[in-house]
């Protein structure tokens, strides 16, 4: 029996405030409306966005976003089957504002409430955009995240590995900063890299010699600084040197992501999925060199490569509505006791390991 | 202003920065605030990570300690001690500190704050300031400065290797 479900999604866990309406009909999801309260005009700060910390500001924007999303979808609250909201992880003020807003709407309209993990929203997006079947391999790679997830079900995620320090998006931003390129750093570094020689500077490939899928990008900053200072003359950096530095940096990030993807794919293929898929989501997947490297790794492993459109890879509420639909179908409902969780690892088993056996530091 | 204790240490490589974090970790507690200053790539996050990992390891825990640049604040529980790791780089106004809940945390947690210049004069007077800068070669130098009453014994222990 085909089930039709229409959910409102609300997202305010980090820098953006968003609302969306998504419908499941005949097994496929459709985004009826997706509104993100713009931060696009605030490019000056680090990472391209200025964080919205004030819960009050989130609350004001949320009301407007919900109103707009419903108007764009041509629906009223009574046409909905439920309200989904990001309950974490994220900045506590924003998450609380979203949860309060969702509770108010759900209580007022007599609708079920579904709390969603923000990362589950990202991880389930390829099901909305490409109708993927479980299990698939997911690489979340953005400004704040970098992890490999085995997605076995709407509530079943296994973390195969991830960055132990900076995310690649952050490394791109900081590289741009160190080389006096504009923010956001991703596109600026990529443009320069296209003009450079990736072999001139030998940047490290951190953790490549270690087994597993963990990554490290923080040390690249130090390597880049040294290389930069080594070629600067009279406090000036020549154009070609800068391009070569960008090309070398991008090649290092690309090589690490490709090799770790190869290992994650091997783990995933051991599950013998019927239709193997490697899904990559996040702003970093928009980098053409990195994307080509990951496509190549997928092809060699015999897995289909899927990258949802960028608008659904950055923070948005359509992914929250969709993840809400997935949980709703599994019978999941949250009551008015739903609380905001600033920390909420997707894979609870991979989170803190108790009794790791390490001795305390020497005083 | 209270008399300050000060100590300058060479940090020839990343391991030395990590060792300093691990050595300082057991000497700290609730309501201690560390202000980490220095340019991008100076080793602030590396130092903070080593300190937090040492504190977690002392209670048998091991967790990822990601960069807080995007999330602004990461919190950890090391036994009874709550540890806050904040990166204020993306803040534009000191009043945003209040929204982060950082002022309450100064009293109730061990706080490591990167880019403390963003909070102007909101930093507590009792804080220990760590200033990381490059040395003449490929290493770094760090200068630790804080009110004598709290920090002189701590800096003395660090100075005695």
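Residue 1 is the first one shown; counting continues down the chain.
Keep in mind that glycine also has a Cβ here, set from the backbone N, Cα and C atoms.
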For the Fe cation site that TrEMBL gives with A:118, A:122, which of A:296, A:315, A:334 also belongs there?
A:315
Cα-Cα separation of residue A:144 (substrate binding site) and residue A:315 (Fe cation binding site), in Å?
11
Measure from the Cα of residue A:118 (Fe cation binding site) to the Cα of every one of the binding-site residues A:140, A:186, A:287, then give the nearest.
A:140
Against chain B, in sequence order - binding-site residues A:118, A:140, A:144, A:186 with Cβ under 8 Å:
A:144
Those binding-site residues listed as A:144, A:186, and which of them has the most Cβ atoms within 10 Å of its own Cβ
A:186
So around the Fe cation site, A:118, A:122, A:315 aside, which residues have their CB within 8 A of the centroid of those CB atoms?
A:11, A:13, A:14, A:86, A:119, A:121, A:316, A:319, A:320
Over the domain 'Gcp-like' (A:30-322), what does the predicted model average in pLDDT?
91
